[in-house]
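Take a look at the structure set out below.
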Protein chains: 4
Amino acid sequence: MQPITTEIVSRTIIKRPADSHKGNYGRIMLIGGNQNFGGAIIMAATAATYSGAGLVTVATDPSNFTSLHARLPEAMVIDYHQTDTLLNLLAGMDVIVIGPGLGTDTGADQLLTAVLAAAHAPQRLVIDGSALTLLAQQARPLPDTDIVVTPHQMEWQRLSGIAIKEQTPTANHDAQQRLGVTAVVKAHRTTVYTDERVWFNPGGTPAMATGGMGDTLAGMIGGFVSQFHDFTDAVLSAVYLHSAIADDLAATRYVVLPHQISTRIPTYMHRFSQIERP
Amino acid sequence: MQPITTEIVSRTIIKRPADSHKGNYGRIMLIGGNQNFGGAIIMAATAATYSGAGLVTVATDPSNFTSLHARLPEAMVIDYHQTDTLLNLLAGMDVIVIGPGLGTDTGADQLLTAVLAAAHAPQRLVIDGSALTLLAQQARPLPDTDIVVTPHQMEWQRLSGIAIKEQTPTANHDAQQRLGVTAVVKAHRTTVYTDERVWFNPGGTPAMATGGMGDTLAGMIGGFVSQFHDFTDAVLSAVYLHSAIADDLAATRYVVLPHQISTRIPTYMHRFSQIERP
Amino acid sequence: MQPITTEIVSRTIIKRPADSHKGNYGRIMLIGGNQNFGGAIIMAATAATYSGAGLVTVATDPSNFTSLHARLPEAMVIDYHQTDTLLNLLAGMDVIVIGPGLGTDTGADQLLTAVLAAAHAPQRLVIDGSALTLLAQQARPLPDTDIVVTPHQMEWQRLSGIAIKEQTPTANHDAQQRLGVTAVVKAHRTTVYTDERVWFNPGGTPAMATGGMGDTLAGMIGGFVSQFHDFTDAVLSAVYLHSAIADDLAATRYVVLPHQISTRIPTYMHRFSQIERP
Amino acid sequence: MQPITTEIVSRTIIKRPADSHKGNYGRIMLIGGNQNFGGAIIMAATAATYSGAGLVTVATDPSNFTSLHARLPEAMVIDYHQTDTLLNLLAGMDVIVIGPGLGTDTGADQLLTAVLAAAHAPQRLVIDGSALTLLAQQARPLPDTDIVVTPHQMEWQRLSGIAIKEQTPTANHDAQQRLGVTAVVKAHRTTVYTDERVWFNPGGTPAMATGGMGDTLAGMIGGFVSQFHDFTDAVLSAVYLHSAIADDLAATRYVVLPHQISTRIPTYMHRFSQIERP
């Protein structure tokens with residue numbers, strides 16, 4: 001196991017070229033948020049936007065449009081029941097985040113199947129939350145492209161078949177190799193499994209033990225892979241920064257709320273972008 | 001009568017163990033908020049979330065979903081008219097807060113009855129606001145578990161039968177013994193009655209004399225009993241901190257608004273968590 | 001003409017007695033906000049709440065409930081089309097503010113008539129915005145109680161029959177005597193007319209020349225007359241403080257937005273409450 | 001090409017005369033925001049309001065009313081499907097901004113046609129976003145009054161027929177002369193074309209490369225031309241300030257969000273208003 005280092009983060013978050021526009025930073029669609037879990041997709045979209053994704057579209061239950069816009073007018077919305085429209089838009093996306101607050105009913109299941117069937121390289125996928133539960137219930141072919149899954153330990157148990165107690169780095173890595181996707185296993189010390197290596201995140205605080213933290217991480221990863229070329233480095237950098245911000249906030253707070261992390265992403269990214277590389 | 005002391009608060013709000021997750025800090029359901037009093041359940045849920053409850057679900061009228069999410073995406077929502085779904089979810093909860101903005105119509109009355117019938121040890125209950133009025137109108141069996149009621153003086157009069165003028169500590173304690181629940185009687189100097197003792201809260205300011213303060217306290221108590229083991233100490237600590245924050249805010253404000261207290265809870269909790277215990 | 005002085009404000013905003021509760025600071029209902037002008041009643045209610053009214057109820061079009069609660073969970077709401085419910089609640093109110101964003105259609109007209117017929121001493125009335133236009137179109141008997149009207153110059157022209165150019169203090173005072181209500185005539189230098197005197201407000205800035213300022217003043221006056229005994233002093237203090245806050249904000253801002261004033265009211269009130277009186 | 005200078009901005013943003021009211025700073029209607037792009041019109045209206053427009057009305061899909069008011073109670077709203085009401089109100093406007101989030105369906109197309117047919121001197125027009133795409137698809141007569149279009153490079157290609165690679169200042173100026181309207185062509189270095197001259201904006205940062213920046217600029221231009229007499233100077237000043245604020249924010253942020261610019265407009269305007277002119 002290797003730690004995620006500040007060197008990785010600073011080589012990833014580089015100064016933006018002056019002559020660039022929003023198209024250069026990616027079009028991202030976040031899919032999730034049913035009538036009960038709308039907050040999850042709001043938090044994920046907020047994280048993606050503050051992470052610097054160029055254009056953010058949220059496909060969700062229409063009951064979430066107003067609360068989303070009240071918090072984040074920067075995002076566009078579509079009703080995720082309109083599958084044709086969604087798939088049409090999906091074709092133009094660089095990144096797809098599916099799962100936060102999606103739920104596990106039949107509609108969610110069918111939507112996941114449709115999205116996985118439509119997605120294709122070089123689109124990048126972040127699969128989180130309910131989508132992982134659905135995948136665990138019924139496997140389906142994944143597109144041959146960059147994919148990251150972001151389970152917490154229980155979701156990873158469902159997905160990998162490894163009981164929480166037996167989730168050692170070696171067992172997890174074996175499972176990741178079988179699945180063929182990058183895996184971020186969220187825990188006290190989050191570990192990240194790629195085809196080549198096992199990483200651990202040095203940061204993290206129990207002040208983050210509150211609902212919505214995972215949705216925020218999924219959105220951050222989405223925002224990072226939408227603008228940074230190296231997929232693994234982008235995922236690792238998002239994981240690192242998510243907890244680094246929380247650690248700083250926890251120096252004066254017993255509990256850190258997800259939105260407090262998101263609003264601070266641009267400042268932290270700026271700091272890393274200023275580090276001179278040799 | 002004994003004062004609630006900082007010693008109680010600091011022995012309650014201890015440093016979180018590094019290896020913990022949101023499940024360790026409790027699942028809480030807050031039930032209330034009809035079509036007229038939706039703000040009450042928003043304020044209660046906000047307080048519970050900032051107090052560090054692990055997972056917050058709000059059962060309310062669907063007309064409140066959007067405003068709740070616009071302020072607090074961290075909470076999940078369910079329509080409290082869907083009694084079966086509500087009771088199913090309720091079974092998995094560690095803490096139930098019922099009452100803020102619930103109203104007193106027939107539907108509210110039936111919901112209270114159903115929730116009280118379904119709740120059971122070791123679930124903990126906070127009964128507040130309209131739910132106390134309903135209980136005063138018609139008593140019903142309470143589950144044999146940790147329960148705290150949070151009436152203001154008029155609600156306490158209805159519930160205990162003791163006129164406001166005659167609400168002496170002794171009379172109140174007698175009534176508490178009859179009721180068999182912890183009682184937080186909110187007043188200029190709030191008093192707390194447990195089976196063993198009578199406590200008074202040293203803090204409080206007339207700058208708190210505004211709508212929603214009680215809802216915020218109920219949510220804080222819910223958040224505290226969801227994560228701290230000793231029920232009485234958790235209740236006392238929430239009562240103490242609620243007014244301690246308000247007192248500090250009132251040093252420069254003629255009026256303190258409920259949400260201003262909630263957003264400061266994590267910082268205050270952090271301070272108490274840093275106090276070394278002998 | 002006499003200036004409104006800081007002496008008046010500091011004798012009005014006195015320290016709150018320790019042993020007081022929200023009932024001591026008044027129940028206020030704000031009536032207004034149709035489907036097009038919902039923001040007006042939101043801004044008025046915000047000002048009333050931050051001014052320290054004990055309990056705030058907003059009677060408005062139901063399309064405004066969610067946006068109101070998203071900004072101000074402290075307020076309760078009722079649908080102003082439910083006239084019977086509204087009038088029932090009205091009977092328990094200490095203060096009524098009618099007009100911000102009410103509009104001038106038939107429904108608004110009938111509601112104004114119903115409210116004016118139902119209101120009675122010692123309830124206090126603030127009549128603003130659309131309600132003044134409706135009154136100018138068709139006079140109707142006013143209840144025999146403390147009433148203040150808050151027209152801008154054009155509304156005052158409609159109400160008093162005095163053309164803007166001819167709105168001299170003397171002419172305005174004559175009109176006020178005929179109307180029999182306190183009049184706050186909003187202008188570059190706002191003047192206030194009572195049965196005894198003519199006052200002018202020394203503050204004010206063109207940075208306030210933006211929509212919603214009047215709604216905010218109406219809410220502030222409502223909040224002040226709900227808690228301070230002397231009606232004239234309460235009105236004068238609200239007028240003074242509204243522009244005093246704006247003047248301070250304008251020291252660094254070209255434009256001052258209404259909500260920026262409201263959130264600062266508690267701090268300014270606190271300062272005046274600390275001034276020792278001889 | 002000439003740079004937009006601070007001299008232009010400081011001669012434009014002059015101290016407001018003390019004896020002025022909201023009517024002096026313009027009535028502005030912003031038209032846009034369909035069911036998918038509601039955030040765009042929220043951001044544009046926010047910018048217009050913070051820029052100091054006297055009275056702001058938003059004509060949009062009713063699904064956007066609540067999120068708009070939750071963020072900006074200062075704005076009034078009308079349903080843009082009610083064409084007669086819209087055109088009636090339009091007649092009283094000083095400035096019309098059309099396009100942010102309008103979409104390009106038949107309804108949007110017809111609305112654009114109706115608005116362009118109804119607008120007339122001395123009303124000023126800002127045409128942005130979807131409205132430019134519609135104009136490119138089908139030309140229609142423009143009213144003989146002050147008009148500014150605000151395309152990004154792709155929209156300018158559609159509108160002018162000049163491919164992005166060939167968008168030289170000379171080619172752009174030729175196209176502007178044909179179109180007969182002021183053109184703000186948004187790019188890494190934004191250029192502005194008037195009948196007389198070609199300007200370039202010295203500021204701008206890749207931190208602005210995120211959705212909603214253009215909507216915010218359109219709203220700012222609307223707010224500036226609603227209160228400042230010289231049309232070209234008002235447009236140039238808005239362009240300059242929009243990126244000057246972003247540049248300052250980008251000194252510590254990797255990404256700048258549109259609403260972060262809007263809330264800072266009043267402070268920046270104040271600074272320029274304080275510069276003594278010789």
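Heads up, the Cβ atoms here are built off N, Cα and C, so glycines get one too.
All annotation found in TrEMBL is predicted automatically rather than curated by experts.
Positions annotated as (6S)-NADPHX binding site by TrEMBL: C:A40, C:G101, C:H152, C:D215. The AMP binding site annotation in TrEMBL covers C:K186, C:A187, C:H188, C:R189, C:T190, C:G214. The domain 'YjeF C-terminal' annotation in TrEMBL covers C:5-272.
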Worksheet item: Could you tell me the C-alpha distance between C:A40 ((6S)-NADPHX binding site) and C:R189 (AMP binding site) in angstrom, no decimals?
Response: 22
Worksheet item: What is the interatomic distance between the Cα atoms of C:H152 ((6S)-NADPHX binding site) and C:K186 (AMP binding site), given in whole Å?
Response: 4
Discussion item. Let me check the 10 A CB neighbour count of C:H152 ((6S)-NADPHX binding site). How many other CB atoms are there?
Written reply: 21
Discussion item. With Cβ-Cβ distance below 8 Å and at least 6 positions apart along the chain, what are the contacts of C:G101 ((6S)-NADPHX binding site)? List them in sequence order.
Written reply: C:G32, C:G33, C:N34, C:N36, C:F37, C:G38, C:G39, C:A40, C:I41, C:T60, C:G129, C:S130, C:D215
Item to complete: Can you tell which of C:A40, C:A187 has the least company, meaning the fewest other C-beta atoms within 10 angstroms of its C-beta, among these binding-site residues?
Response: C:A187
Worksheet item: Counting across all protein chains shown, how many other Cβ atoms sit within 10 Å of the Cβ of C:D215 ((6S)-NADPHX binding site)?
Response: 32
Worksheet entry | Distance in Å spanning the most remote Cα pair of C:A40, C:G101, C:H152, C:D215, given for (6S)-NADPHX | 15
Discussion item. Within its own chain, what residues at least 6 apart in sequence put their Cβ under 8 Å from the Cβ of C:R189 (AMP binding site), listed in sequence order?
Written reply: C:F200, C:N201, C:P202, C:G204
Worksheet entry | Which listed residue (C:K186, C:H188) has most other Cβ within 10 Å, given these are binding-site residues | C:K186
Fill in: pLDDT averaged over every residue in the domain 'YjeF C-terminal' (C:5-272)
97
Worksheet item: Can you check what DSSP calls C:A40 ((6S)-NADPHX binding site), collapsed to helix, strand or coil?
Response: helix
Worksheet item: Can you list which of the binding-site residues C:K186, C:H188, C:T190, C:G214 come closer than 8 Å to chain D, going by CB to CB distance?
Response: C:H188
Worksheet item: Taking the Cβ of C:T190 (AMP binding site) as reference, which residues of that chain separated by at least 6 in sequence fall under 8 Å from it?
Response: C:V184, C:F200, C:N201, C:G204, C:V239, C:S243
Practice prompt. Give the number of CB atoms, excluding that of C:G214 (AMP binding site) itself, located within 10 Å of its CB.
Written response: 25
Worksheet item: Which residues, in sequence order, are found in the same chain with Cβ within 8 Å of the centroid defined by the Cβ atoms of C:A40, C:G101, C:H152, C:D215 at the (6S)-NADPHX site, excluding those residues themselves?
Response: C:G32, C:F37, C:M43, C:A44, C:G99, C:P100, C:D128, C:G129, C:S130, C:G211, C:G212, C:G214, C:A218
Worksheet, complete the sentence: What DSSP gives for C:D215 ((6S)-NADPHX binding site), in three states, is helix
Discussion item. So, three-state DSSP: helix, strand or coil for C:G101 ((6S)-NADPHX binding site)?
Written reply: coil
Discussion item. So the record assigns C:K186, C:A187, C:H188, C:R189, C:T190, C:G214 to AMP. If I measure every Cα pair among those residues, what is the longest distance in angstrom, as a whole number?
Written reply: 14
Worksheet item: What three-state class does DSSP give C:K186 (AMP binding site)?
Response: strand
